[in-house]
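As recorded in TrEMBL, the features of this protein are as follows:
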- Gly166, Arg167, Ser168, Ile232: NADP(+) binding site (BINDING)
- 6-121: domain 'Tetrahydrofolate dehydrogenase/cyclohydrolase catalytic' (DOMAIN)
- 140-277: domain 'Tetrahydrofolate dehydrogenase/cyclohydrolase NAD(P)-binding' (DOMAIN)
Amino acid sequence: MKAHILDGKKVAADVVASIKKEVEEIKAQGKHVPGLAVVLVGENPASKVYVGQKEKKCKEVGFNSFLHKLPASTTEEELLKLIDTLNNDRAIDGILVQLPLPEQINTDKVLMAIAPSKDVDGFHPVNMGNLVTGLPAVHPCTPKGIMYILDAYNIDIEGKHAVVVGRSNIVGKPIAHLLLDRNATVTICHSRTKDLAAIVRQADIVVAAVGRPRMITASMVKEGAVVIDVGINRLEDGLVGDVDFEGVAEVASWITPVPGGVGPLTIAMLLQNALEAGLKK
Ligand code: NDP
């Protein structure tokens, strides 16, 4: 294998350890301890796993964590009422509503109801707008984690051609803007892009956030490119990314594995966002 590994697990563990230390100091000084409210509606098994992981990490770093488990039959009005209560609760610095929500609830309406200062997911249009205009904002966790790991390994961004495959509001669009903000030349690709392979082949930095197992293959990647695999696809042979790791690792200079790449950083950045929100109190 030619590529070096961008070790998300290790980098995330370092972030978590430093947050833990900071919380210990906060507690020793009798200051406000960050509090994160996690809202889970319904019984989606994957959501339960994600919420469990987030709760565990919150406890690990010493945050106060408040889990609100609501039945699948919860109405939009009931959920909005809970959000309003959490918005006005001084003990809470971050509100995380686990997606997807049941059909009867309008997800956009719920996400918009979260106070932007407590929006630790960074999904609120105010935060997104501030991110795009370069104003102080809560950055969404996955893109923030990608920038963090690039910096942790001193990967050059300025002047590089970054190709982002995927244009979702939670990954593709925000990572494209964060890379642009750091002076990369950015191309965003999506399902209607013509000749994706030819465009990806021009990239110095590839970010794959599509949700299609191993779709980025070695022949699509330029020799020496840095490859960030955001994809999480559950197959019979386990978790795989959007990048064909075995093949691409032979041409790339740096690559994130799946699992152990972007995933652990996403949770670490959620904690970081909650800490930063708590420190503003
Ligand atoms: P979405 O489904 O919201 O977006 C997927 C994007 O991929 C869309 O913009 C879509 O284009 C594009 N796309 C689909 N097919 C193709 C194709 N054949 N060629 C080019 N582009 C295509 O996904 P998310 O952004 O939410 O997530 C992407 C992946 O990342 C998923 O596997 C998800 O599980 C994972 N993920 C991982 C996280 C982590 O912590 N590691 C966090 C968040 C997500 P169009 O807009 O035209 O439909």
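We number each residue from 1, going along the chain as drawn.
Just so you know, glycine gets a Cβ as well, placed from its N, Cα and C.
Residues Gly166, Arg167, Ser168, Ile232, recorded as binding NADP(+), reach a greatest CA to CA spacing of 16 Å.
The Cβ of Ser168 (NADP(+) binding site) lies under 8 Å from the Cβ of Ala209, each on the same chain and at least six residues away in sequence.
Local packing around the Cβ, expressed as the count of other Cβ atoms within 10 angstroms, is greatest for Gly166 among the binding-site residues Gly166, Arg167, Ile232. Confidence across the domain 'Tetrahydrofolate dehydrogenase/cyclohydrolase NAD(P)-binding' (140-277), taken as the mean pLDDT and rounded to a whole number, stands at 98. Taken through DSSP, the domain 'Tetrahydrofolate dehydrogenase/cyclohydrolase NAD(P)-binding' (140-277) splits into 50 helix, 28 strand, 60 coil.
Across the range of the domain 'Tetrahydrofolate dehydrogenase/cyclohydrolase catalytic' (6-121), the DSSP-based residue counts are 60 helix, 18 strand, 38 coil.
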